[in-house]
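*Asks:* These came from TrEMBL, pasted as-is:
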DOMAIN    1-305  domain 'Major facilitator superfamily (MFS) profile'
TRANSMEM  6-27  transmembrane segment
TRANSMEM  89-110  transmembrane segment
TRANSMEM  131-153  transmembrane segment
TRANSMEM  165-189  transmembrane segment
TRANSMEM  196-214  transmembrane segment
TRANSMEM  220-241  transmembrane segment
TRANSMEM  253-276  transmembrane segment
TRANSMEM  282-301  transmembrane segment
Amino acid sequence: MGYCVNLLVVPMLALAGNWPLAAAFMITERIGKAVRTPARDVMLSHATKEIGRGWGFGLHEAMDQIGAMLGPLLVAFVLRSTGSYQASFGILLVPALLAIGVVLVARTLYPRPRDLETHTAELATKGFDRHFWLYLAAVALIAAGFADFPLIAYHFGKNASIPPLWIPIFYAIAMGVDAIAALICGYFFDRIGLKVMLIAAFIAAGFAPCVFLGNFSLALFGMVIWGIGMGAQESIMRAAVAGMVSANRRGAAYGIFNTGFGVAWFCGSALLGILYDISLPLVIIFSVAIQLAAIPLLWSISRAQASPTA
């Protein structure tokens, strides 16, 4: 259901004749994504057990970003060829139906994704342990301090430090880095665990001064760092949850995880927007400080997981 709503609503924008209807479609699309994301993460946690969850989630994020880049290119090509927004959005029905078809085939071939996980260590099944809640707190701090691209793009346009033509190019570069970083972080996550998340969080915390205070070159470097952070968030940040809860509790765990992450991102983005109108240095201080505050929590969890008595 989540995939159907999430994927089919976007082509329906071709039928939107006014902005309220278009807004309703976009809100519905977000609801569809909210429904499908926890279930998708649970299925991935089972399917990637044998190949390594870090690599599996990283590969998923890399493929997701490839699709995220190809989709707008397809829309741009159709728009250039036909000059019709209706046709450019309507063409997205083709990949949407193909994706739903793949999901249905997977549902037929693997009706019980949990069976893909041949062996799972026994974990507590009553509630979630302290490590999960500490991890959720760390993730929330990172999400709250990680500026969304619309704010960054607004700053680029307002400050005139980046030519308008380069703003979408900067974003495309960041998405490419995101895909590569997801694979690299996933590979190392399967070998050194949460330490790679700690390293990625430390690196990503430096994007704010680069993009908000830097010149063209420094802003580009900041977007590369921002892409590394995105790649880590969309791969190993989700992969780590599977190792903290039992298989029969992962649905609830991923639901709580995605809710906590989303709420923290929303609140942090709102606060960053308010601070932007007050003082740019305050934006940078808040962004860097709150992301770095997550590192001691990640370090504590990493040490506990590495301990034989953990």
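Each residue's number is its place along the chain shown, starting with 1.
Just so it is clear, glycine is given a Cβ too, placed from its N, Cα and C backbone atoms.
Bear in mind that TrEMBL entries carry predicted annotations, made automatically and left uncurated.
Each of these features: where is it, how hidden is it, and who are its neighbours?
*Replies:* Sequence-remote contacts of a segment are chain residues at least 6 beyond its ends whose Cβ falls under 8 Å from one of its Cβ atoms, and for the transmembrane segment (6-27) they are 33, 35-36, 85-93, 96, 99-100.
Packing against the transmembrane segment (89-110) from elsewhere in the chain are residues 3-4, 7-8, 10-14, 47, 67, 71, 74-75, 78, 116: each is 6 or more residues past its ends and has a CB under 8 Å from a CB in it.
A Cβ distance under 8 Å defines the sequence-distant neighbours of the transmembrane segment (131-153), meaning residues of its chain 6+ beyond its ends; these are 167, 171, 174, 201, 204-205, 207-208, 211-212, 223, 226, 229, 233, 237, 240-241, 244-245, 253, 256-257, 260-265, 267-269, 271-273, 276, 283, 286-291, 293-294, 297-298, 300-301, 304-305, 310.
Sequence-distant neighbours of the transmembrane segment (220-241) (same chain, 6+ residues past either end, Cβ-Cβ under 8 Å): 41, 44-45, 48, 53-54, 56-58, 60-61, 64, 132, 135, 139, 142-143, 146-147, 149, 152, 170-171, 173-186, 189, 194, 196-197, 200-201, 203-204, 206-212, 214, 250, 253-254, 257.
Same-chain neighbours of the transmembrane segment (253-276): 34, 37-39, 41-42, 45, 128, 132, 136, 139-141, 143-148, 151, 155, 238, 241, 244-245, 282-283, 286-287, 290, counting only residues six or more beyond its ends whose CB sits under 8 Å from a CB of the stretch.
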*Asks:* Can you tell me the mean pLDDT for the domain 'Major facilitator superfamily (MFS) profile' (1-305)?
*Replies:* 87
